[in-house]
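So Swiss-Prot says this about it:
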- 11-114: domain 'CRESS-DNA virus Rep endonuclease' (DOMAIN)
- E52, H60, H62, E104: divalent metal cation binding site (BINDING)
- 100-103: motif 'RCR-3' (MOTIF)
- 175-187: region 'Oligomerization' (REGION)
- 198-202: region 'Binding to RBR1' (REGION)
- 250-265: compositional bias 'Polar residues' (COMPBIAS)
Amino acid sequence: MTSSSSNRQFLHRTANTFLTYPQCPEHPEIISQRIWDLVGRWNPLYIICAQEAHEDGNMHLHALIQTDKQVRTTDSRFFDIDGFHPNIQSAMSPNKVRDYILKEPLALFERGTFVPRKKTFLGNSSKGNSEKKPSKDEIMQDIISHATSKPEYLSMVRKSFPYDWATKLQYFEYSANKLFPDIQEEFINPHPTSEPDLLCNESIKDWLQPNIYQVSPQAYMLLQPNCYTVDDAISDLQWLDDLTSKQIMDQESRASTSSVQQGQENLLGPEA
């Protein structure tokens, strides 16, 4: 089973999906059409959906959907229909799943052509030598085609190639990570917006002005040992503020005059 209780850990990757909708009274044809549309991008080939009754009389649905390309989703709610959430599984044996769905349906709907699972090369070593032995490439291709999760992929490799597993495990782990990449967890800000908003630019400016850009009399007295009282410190700071303001105004005035003179010089043409 590839479903999970958490969207962050969920990964469904298969061409044969087995769905069970518990407590779902909808008709199989309606559900089948909705599922067919959901997997449209992966080219659906076949779907079968059957309605069965619980012992308490409530209805539930079983469905098998086959696609040309592997359905791949990290959303555990991808197959939800009108609030009905299914159990999602990879159908390792479509033949057995289809037989299970057909066991005692109250209503049934099919669309497309059923695709039996291709014959696997795994586990055929006990057969006689009259049959051609599959190559490593064929076995590996079979594993890649049928594995539905990283643990299952590595387990199949270990069973088929025990020596290679022991000597080249890092390569198989690398390919497993590429075939079944980990789902990135969604970032959650550990410092959500508060009241008042600490990211408010105006609030930051109001704090910077008195705490960073201004020198308090007490801090000035620490830097000037000859200043003994708060009043003297305030007087000195006021004088420094006036002096600084005057110097800034003088610099701006000189810069403005220089700019005007430069502009006048540019207007004069060469002497005749």
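Glycine is no exception: its Cβ is also placed from the backbone N, Cα and C atoms.
Could you tell me the structural context for the features on the list?
For the domain 'CRESS-DNA virus Rep endonuclease' (11-114), the predicted model reports an average pLDDT of 91.
According to DSSP, E104 (divalent metal cation binding site) is assigned to coil rather than to any helix or strand.
Using a Cβ-Cβ cut-off under 8 Å and counting only residues 6 or more beyond its ends in the same chain, the motif 'RCR-3' (100-103) has close neighbours at 48-50, 62-64.
Within the chain, the region 'Oligomerization' (175-187) has long-range Cβ neighbours (under 8 A, six or more residues past its boundaries) at 8-11, 13, 74, 144, 147, 149-150, 153-154.
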If you count CB neighbours within 10 Å, which one among the binding-site residues E52, E104 has the smallest count?
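Looking at the binding-site residues E52, E104, the Cβ with the fewest others within 10 Å is that of E104.
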Return the single residue from the binding-site residues list (H60, H62) that has the minimum number of other CB atoms within 10 Å.
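Fewest other Cβ atoms within 10 Å, among the binding-site residues H60, H62, is found for H60.
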